[in-house]
């Protein structure tokens with residue numbers, strides 16, 4: 001049995017590690033939001049120093065002895081204690097395996113890559129981005145080899161985000177999803193092509209878009225005292241503390257801005273909704289990877305595309321954008337949910353989104369298997385888009401430069417979106433079984449039934465459990 005003294009030491013270390021992570025995330029947020037271009041390099045150095053401090057804490061004699069005394073322990077006073085120990089052991093092992101200098105180099109590359117991606121995207125210049133991409137992928141391979149030299153690098157990289165999966169499992173899951181999506185797509189393509197989605201295009205000034213997306217967040221129940229909204233080309237959500245989560249959106253296109261903010265608000269709610277015990281233990285913020293994406297995709301697809309959600313938002317939209325006064329809600333929803341293969345992942349419909357994810361997963365896997373280089377990766381991208389979605393990008397912006405993930409260090413992450421979709425569907429099924437009137441109440445302006453169910457079943461636990469443990473808990477409650 002883990003002693004009270006041991007657990008006090010564990011908690012002290014975990015909480016301080018999260019302090020450092022919080023500071024690093026504030027820097028990350030600043031790079032997206034306020035940092036001038038000439039400040040990126042210095043902020044990268046600050047981030048690298050924070051990583052150095054974290055590594056010093058993790059590789060100290062005190063932490064080493066504590067981890068050795070608790071490794072293999074199965075008896076704990078609470079699941080929170082068990083979660084803290086699991087968290088600390090995982091962080092300790094990675095800190096010991098990855099040289100601090102290499103981790104610092106990666107932190108700097110992430111900062112540099114984020115800035116370079118923005119410049120190259122604006123210039124539609126993939127050629128200049130190639131050295132950045134190669135450096136990032138080379139560093140990721142070094143990280144993977146440092147963690148486990150006997151394992152395939154891509155397996156290690158995927159497990160940094162989704163720890164519970166072998167590549168063979170993911171391959172099998174994605175193959176089934178791909179076959180099902182293609183079958184459904186072929187069945188509905190002709191009918192869906194008759195739907196006029198041009199009504200989604202509209203002229204709306206920046207302030208109007210901002211008011212509408214904030215109204216969407218209000219409908220979803222986002223707590224203004226625990227969140228703030230910022231604007232960015234590629235929407236993200238940054239968690240900077242147990243009660244501080246910062247979703248974003250891109251206000252260039254109205255409907256895309258709404259769906260993007262709904263997606264990022266799903267992340268935001270998960271980030272700040274840990275219960276007090278979990279928050280104080282340092283396990284706030286939610287399980288990284290697929291579980292986190294399940295919450296954003298739940299809100300985007302199972303809430304944000306529903307009639308009930310729009311019964312609340314559409315009257316406001318009609319007030320702000322007069323053209324929609326002439327368009328019925330039925331007509332609008334048909335356009336919003338139209339199945340329409342395209343080139344841009346962030347604008348993909350609910351059905352074809354997974355094909356975008358599969359393309360990225362396959363390309364990453366092929367690259368780290370040695371089948372692709374930075375000089376051949378774009379050709380593979382374009383070929384797969386033509387094969388899977390029927391389109392070839394006309395430029396780099398609508399092709400290989402559209403995502404920021406690789407530039408900022410999220411290599412091995414994309415499968416989380418597809419797995420997250422699957423989890424989200426399970427949670428939606430369970431929610432309706434437990435609370436049959438949840439969406440009826442949403443239609444009347446009350447999203448609390450949905451929010452409270454997610455908080456009770458998922459959000460409150462933060463990182464207490466692994467992904468598989470979290471899924472098992474849901475099955476046990478069924």
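Backbone N, Cα and C atoms are what each Cβ position is placed from, and that goes for glycine too.
Just so you know, TrEMBL annotations are computer predictions that nobody has curated.
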TrEMBL Zn(2+) site partner of 263, 267, selected from 231, 280, 293
293
To the nearest whole angstrom, state the Cα distance for the pair residue 293 (Zn(2+) binding site) and residue 264 (active site, proton donor/acceptor).
9
An 8 Å radius from the center of the 263, 267, 293 Cβ atoms defines the neighbourhood of the Zn(2+) site; name the other residues of that chain inside it, in order.
237, 264, 266, 292, 295, 296, 297, 299, 300, 420
